[in-house]
Amino acid sequence: MIILLLLNQTETDLSSLLHARDKGGPPKTGSATLYVTITDANNQIPKFNKTNYQTRIKEDEPIGTVALNVLATDIDSTSLLRYYIKPGSHLARKPDGSNIVGTFQYDYTKAFIIEPLTGVIKTNMTLRRDGAAEISFIVVVEDTKAEDNKPQTAEASVLIIILGRNDTTPYYDGKRADTDPRYYFQLPENTAVDNLITSLQAIDPTGLPINNYVKVPGSGDLDNLFRVDKLNGQIFVSKVPDYEALRNKLQSFKVRATTQDGIRYVDATVNIEIKDVNDNPPVFIHKNYTFRIPEDKDFTYEIGPVIARDADGGSFAAIEYSLFDPVHNDFMIESNQYKEGIIRVKRNTSLDFEKVSVYNLLVFAKDNLPTSTDRQTASVKVTIFITDVNDNYPQFTRPSYSFFTVETFDIGVSVGLITATDKDKDNYGEVYYYFEDIPGTKPATQYFEIEQATGLIKIKSSLQGTAANSPYRLYVRAVDNPEGAPQLSNITTVSINVSSGQIDEGRPVWITPKATNEYMIQENSPPNTVIVTAEARARTPGAGIIYSILYNDDSRLFKINNVTGVVTTTERLDREQKQDYVILLLGVDSKNSSLQSTNLLKVKVLDENDETPSFRNCPDVKYARPEIVSVYEREPRDTFVFKAKACDRDLYPNNQVMYDFYSPEGHRNCFANVSESFSLDASTGIITTRKVLDRELQPSYLLCVRAIEQRLNGRRKRQTYNFTNENEDTILFLHVNILDINDMRPTFPYTLINDRIFDLPQSDKVTQVQAYDGDSSEFNKIRYTITNVMLKDSDGRVIPIYNTPFNIDPATGMISVALRSYVTFVGGYFNLTVRAEDSKNISMWDSVVVRIFVLKAYYQVRVVIPTDRFGDDVQGYVDQMLNELNTKYPDFLFKDTITRYHKTLTGSSIDRTDVCMVVIQKDKVLDSYQATRELNKINDVLRKYGSVSTGPCEPVSTARLEGWVAFWWVLVAFAIFIFVATLILIYAIWALYRNYRNYMNTQKTYLVQ
């Protein structure tokens, strides 16, 4: 007998009455009762009575308060259920509905706990609505007695909304627990007016928005540096802060937010510290410096201080001095403890007044520390005059002198002329002559005397009877600087032969030249030009005169006819070399050579217009080559630049000099067309500006100033110039540096920058913006700030952002991420308004919009190109391809992400190169499928650059499916189809099973009957 039972899983015990009948006749029957006990198998999955739970709880509820109770059931009789919160399932939102990223400020994951046996969820910490207004997580229930160790679990989602406490006092976002909320910010000085500092957001627990923010009168900010926007609580700069002018560097004031009923309010203290920036250049206390030092000073000698001061504070006020001497490099400068620049003589320097008498230097002062890149510079002109010292000895023109005289000559008659020269100037170069008494020598000085100023030796007393002791030796000392100390001197010997003469009519008498007369000769007169005819008369009857010239320095330029006495020149005389000559003439009696007499001939050379002007002829001016001068840009027209001075050694009126600019064609130094920028006064040599100069257009000029002789009576001397020789004396090379002022504002070369980041950034750096300031390094420092952030999400909504999710380096313009994750923003983009302002003048600025798209890494698509197509410059090749794509298809933006060797499932192939990129169309990032489709449409450009295939940047798991990754949507659709089909199949099986059970119940009744 077979008994078929249809068991109902809700029944645990069954009983049935069984009847038996045999087939005999009459049949016999019997009956029995069958009892069946069903033992339960733990094979059912627990189920929550709801799949989603939601509740509300006030933030001021104590720890341990029950939030809600989740409940699950398991029909197995042997089940034992345990509840727990699924790790990593927590999500939280702020009161404004935005997602909370991170738990650093408020760890919402620990806000609730669940009792494992009952499913009761309780508070585990003090709740804060400002920390998290909504907390959601997943609760898991598990049957701990499941058979065969197969997990039997179910999940339900829980959303708990945190309500504000009953206190309706408004509070500032994130500061609800603070009874005295305070904010601290740092602001660099010179920040522009209307620059946003921060946004304060107050919250009304009643849920109404607060749109009434004011700065509390009398609470601070006496200088009115800041203003508060009444509607949104934004704090702006209202007056440019100047660190140096502020007494209080920490500005403090209160901001009051008042609710819409006008009764409730909350105050917050805002502290803004004004930070110093290096906005003040060093300033020298004098416009120029002049020093005088003797030429005998050497290494370490302190010439004098130059002093610059900087109005900034701290390290910005540090001063570093440097010295610029382009010609000689004879000096150095060092700083002392008083921030003075001490100019000293450099090592191995030998000053010489006779070689260089004037130094024109430039001293530069730089502020801030040497390691800083933000330094400002000032310069000042320093003139050092080298004063003469008595360092040159008088030098005699001959090693010794020998003269002749007669003992019958009268007292006062000239014997001979001693000459010595001294290279020193002024008093130090004046030479005076004295007899030196040498012990043991003959008493010659009692007979002869010497004129101290001229060196002329004359008879002092009667020479009668002195011929017997002839010759007489004298020692003449030439001494310079008679009034100064020390005096330098030199000594020479003079031998004088005294002849006895004859007792006759006596020595000759001079008629011509007269001692009081000067005889003139035109300079450059040809040799043998007659100056005068000398005449002397002999006292010896019938005797004549034999003429000659006694030797001295001047005598070589003249000769005399020994018979006629005609004095002529031996060569052309140059007045500029020497103007006055003194010649000692000797007349000898032709019958008695012992009868002699001398006479002085004074010759004066008259000037001829034979000299050309020269910039090297002026004794009071020494020019460097080139001479360096400076003038500031933007100065008005006719600003003084320089005064050129050349000298003509001729005498007036032959020495009048005129000036002009000279620029011969093809000359490698002189600037052409300088008269467009500069004016030159032809008579004074004063150079001024003809127009407003712009350093950014022309930073320097090399002016060639020519000195020419002024026309006299319509005539000018002919001058020739050799400009291939840079030592040409008639040309002054003037290097004019145009000093910079802060007149150029920063400018961006573009108005929009597009870039991208991944939802999980792989690097802190995003992109770098760079503005250009045409000023010099002293004024071209740029400060970058993000002034506005706007988010356009994946649904196209435009959302203002007040707490920027990006940072920017103010010095370099490098934009970096401020969040660890941008998953919430995938599919959208940020518009950052970046402002570049001049660090020294914030009124000069420019801005650019940086658009940053947020995408997932698998959005990248790649173009595969043979490696040999790239050449040496791989990135240049990629840039060229992308530029052509962006130009030809302006509706798209192609942005490369990585260039690498071709990646496959088994490794890399060096024969091919992957150029991975993202494709953006109409401000929307395309996924890899969409991007591949669009690239295949425009493959004309890609083929030009050697593209062999396109597809997702990362290879797929199966080599054959590498191209199918782009068709992920097909796979998703197929999976959905399988899922739906499975549901239908399950339902069909369940329906069949139900029909079968109904049928078996019917059969059971029949069997019992």
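Cβ atoms are placed via backbone N, Cα and C, with glycine included.
Unlike curated entries, TrEMBL annotations are predicted automatically.
According to TrEMBL, the feature domain 'Cadherin' maps to 18-48 (among others).
The annotation domain 'Cadherin' is assigned in TrEMBL to 49-172 (among others).
Here TrEMBL flags 179-284 (among others) as domain 'Cadherin'.
Taken from TrEMBL, the feature domain 'Cadherin' covers 285-396 (among others).
Annotation comment: TrEMBL describes 397-510 (among others) as domain 'Cadherin'.
Among the features that TrEMBL reports, domain 'Cadherin' is placed at 513-615 (among others).
Taken from TrEMBL, the feature domain 'Cadherin' applies to 623-748 (among others). Model confidence over the domain 'Cadherin' (623-748) is summarised by a mean pLDDT of 82.
The domain 'Cadherin' feature in TrEMBL is assigned to 766-868 (among others).
What TrEMBL lists as transmembrane segment is 966-993.
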Helix, strand and coil totals (DSSP H, G, I; E, B; other) for the domain 'Cadherin' (285-396): 4 helix, 55 strand, 53 coil
The domain 'Cadherin' (766-868) touching the domain 'Cadherin' (623-748) per 3+ Cβ pairs under 8 Å rule: yes
Within the domain 'Cadherin' (513-615), residues counted as helix, strand or coil by DSSP: 3 helix, 47 strand, 53 coil
Helix, strand and coil counts within the domain 'Cadherin' (49-172) (DSSP): 6 helix, 52 strand, 66 coil
